[in-house]
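Feature annotation from Swiss-Prot assigns disulfide bond to CYS48-CYS63, CYS55-CYS72, CYS62-CYS87, CYS74-CYS85; the stated evidence is similarity to another entry. Swiss-Prot lists 1-20 with the feature signal peptide, giving sequence analysis as the kind of evidence.
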Amino acid sequence: MKFVLLFGVFLVTLFSYSSAEMLDDFDQADEDELLSLIEKEEARAKECIPRFYDCSHDRHSCCRSELFKDVCTCFYPKGGDNEVCTCQQPKHLKYMEKAADKAKKFGGKIKKWFG
């Protein structure tokens with residue numbers, strides 16, 4: 001029984017050591033790959049599309065507002081057959097930005113009173 005227990009501890013130790021070595025090798029490979037990608041990276045920042053402008057050609061390049069990114073929303077106007085897509089801010093995000101702005105102002109007042 002003691003032999004089986006010692007053999008099991010030996011196997012667990014050996015397995016943990018070998019897996020740690022493999023993880024170190026993977027981490028080094030990931031770092032090298034990341035560095036090569038950073039070196040090859042080109043400037044790819046495009047101009048963002050302002051709110052209420054057409055975004056049908058690129059739905060992921062809407063501009064950011066103060067806190068959140070605008071969303072490309074598509075709809076059919078009344079009596080029209082063509083789909084229109086524009087960058088818009090969803091109402092719930094608009095209300096969240098207003099609440100955050102009021103909280104900032106209130107925090108500034110409290111800081112002024114006690115600071």
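Count begins at 1; order follows the chain as displayed.
Any Cβ shown, glycine's included, is placed from N, Cα and C.
Model, not experiment: these values are computed from the prediction.
When the alpha carbons of CYS48 (disulfide bond) and CYS85 (disulfide bond) are compared, the span between them is 15 angstrom. Neighbours of CYS74 (disulfide bond), defined as other CB atoms within 10 A of its CB across all chains, total 11. Cα-Cα distances to CYS63 (disulfide bond) place CYS87 within 10 Å, out of the disulfide-bonded residues CYS74, CYS85, CYS87. Taking a C-beta cut-off of under 8 Å and a sequence gap of six or more, CYS55 (disulfide bond) has these contacts in its own chain: ILE49, SER61, CYS62, CYS72, CYS85, THR86, CYS87.
When each of the disulfide-bonded residues CYS48, CYS62 is scored by how many other Cβ atoms sit within 10 Å of its Cβ, CYS48 comes out lowest.
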